[in-house]
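Notes to accompany the following structure.
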Amino acid sequence: MIVTDTHTHLYSDAFDEDRKGMMARAIEANVTRFFIPAIDSTYTKAMLQLEADFPDHVYLMTGLHPTSVKENYKAELNHVEDQLSQRKFIAIGEIGIDLYWDKSTLQIQKDAFKHQIRLAKQYQLPIVIHCRDAFDEIFEVLETEKSEDLFGIFHCFTGDLEQAKRAISFNMKLGIGGVVTFKNGGIDKFLNQIDLRHIVLETDSPYLAPTPFRGKRNESAYIINVLEKVSELYGLSEEKIAEITTENSKAIFKV
Ligand SMILES: [Zn+2]
């Protein structure tokens, strides 16, 4: 069995004390493919180091996270463009809109999101979307930017069935993580109405640990708890779910 974690911040300083052990635990649990979303330029060095340390397992994205869209966002977008011109990345992410932490930056968040969608099209890369309290705003941008060559993942999907269908209509797969294991998470109520070809698994480590680790530091090995829950919801073996979601991740990231 091969399990793919499509969204994990393994370079986070939350793992500085035991990164090697944490990676070994994941690989021991058959979690061997890790897709690493960017946040902003302050993490670039740590991401490149992570890749140098685990070259057979990690795949880097580049991008500017919506909560890092501040006054200097144009310089940050230049950094993303620089990176793209220098070497291979597997996606532009995470990008999007977050109105939970700061509503005052909505306009520049939208601008940064659109700009990065266009970069993704230019480089023929998938996007990885971060959406918090901002479904309408995200869909509004996707509506204006949608095209055959725009595709990717709606990371940490927490919407309802209608929003799930809408996200899929924009060529997005749904990133399912710890929230599916939460008692009042909501998505467990309808997830099995969504065809598995639209689903990928993720942890968003070190955030959003699944039950029974809820509230603790998350790590990629805990994706097995997400896999267990998704397998239960669809009535299919964990091996089958791992196989389908890994195939889906290959279709998106081309690796
Ligand atoms: Zn993330």
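Cβ coordinates come from backbone N, Cα and C, glycine included.
Copied over from TrEMBL:
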type	residues	note
BINDING	HIS7, HIS9, GLU94, ASP204	divalent metal cation 1 binding site
BINDING	HIS130, HIS155	divalent metal cation 2 binding site
Let's check the environment of HIS9 (divalent metal cation 1 binding site): how many other CB atoms sit within 10 Å of its CB?
25
Using a Cβ cut-off under 8 Å and a sequence separation of 6 or more, which residues in the same chain sit near HIS155 (divalent metal cation 2 binding site)?
THR6, HIS7, PRO37, GLY93, GLU94, VAL128, ILE129, HIS130, CYS131, GLY175, GLU202, ASP204
Please work out which residue of GLU94, ASP204 has the most C-beta neighbours within 10 angstroms of its C-beta, and give that one of the binding-site residues.
GLU94
Out of HIS7, HIS130, which has the highest number of nearby Cβ atoms, where nearby means within 10 Å of its Cβ, if these are the binding-site residues?
HIS7
Other residues with Cβ within 8 Å of the Cβ centroid of HIS7, HIS9, GLU94, ASP204 at the divalent metal cation 1 site?
THR8, PRO37, GLY93, VAL128, HIS130, HIS155, CYS156, GLU202, THR203, SER205, TYR207
